[in-house]
Amino acid sequence: MTNAETGRRRRKGWFTPTVITLGLIAALFISPFGLGFRLYRAPSGSMQPTVYPGDYFVITKWSYGYSRYSAAPLSLMFPAGRVFARQPERGDLVVFRPAPEPDRDFIKRVVGVPGDRIQMIDGVLHINGVAVERESLGDVSFGDEYGGTVEAQLYRETLPGGASYRTLERGDGELDNTRVFVVPANRYFVMGDDRDNSADSRVPSVVGYVPFDNFVGRVAWTIPSSPSERLPE
């Protein structure tokens, strides 16, 4: 047997287990049914100007530990509760399954944690009786997912704890003034950044309070789909 033939056999012997190993890693951590990452495409504009319709975003499933919703291939092992649990924080951009529609994935931002009192007053978010810091960034105009044009005010909102992000205010909406929501234990209050274009925890029949077990993961990266249509940073 020549040296070349011996080398080819060694390479073949190395190649097969390596491919199998990489395939298992992909299945466990990268595939939609894995335990590591998952890629989504934004279906709506409820999270503008952070995530636009058609944008892609990647979540990390381990951020809050694993439950039956984040550990899809092992869901039967998690009838209730989470393992390796870590609590979401105000400002986290998250994917979850709402209690009224547990078969659908939603993307929103956590603004209230257990024990918080949340209320909207004249379009301004209040947490525990205090208006959240909000800086006006001026009037903006942009195209929506239906081919129309949206006129709105752009703000930078800063939550207790320091999380900062931009929001849109389209005008006087029915969710600009709400009752006081007292976030129960093991539940979270979420909202869209496009405040007048989001069905979120302000709408109990659609989202309501999000149970801790229902979080799928935390958004780690966003991948813009149409940079020319985005509002400037």
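Including glycine, each Cβ sits where the backbone N, Cα and C put it.
Pulled from TrEMBL, these are the features on record:
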TRANSMEM  20-40  transmembrane segment
DOMAIN    21-221  domain 'Peptidase S26'
ACT_SITE  SER46  active site
ACT_SITE  LYS108  active site
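Regional average pLDDT for the domain 'Peptidase S26' (21-221) in the model is 89. In the three-state DSSP reading, LYS108 (active site) counts as strand. Distance from the CA of SER46 (active site) to the CA of LYS108 (active site) is 8 Å. In this structure, SER46 (active site) belongs to neither helix nor strand by DSSP; it is coil.
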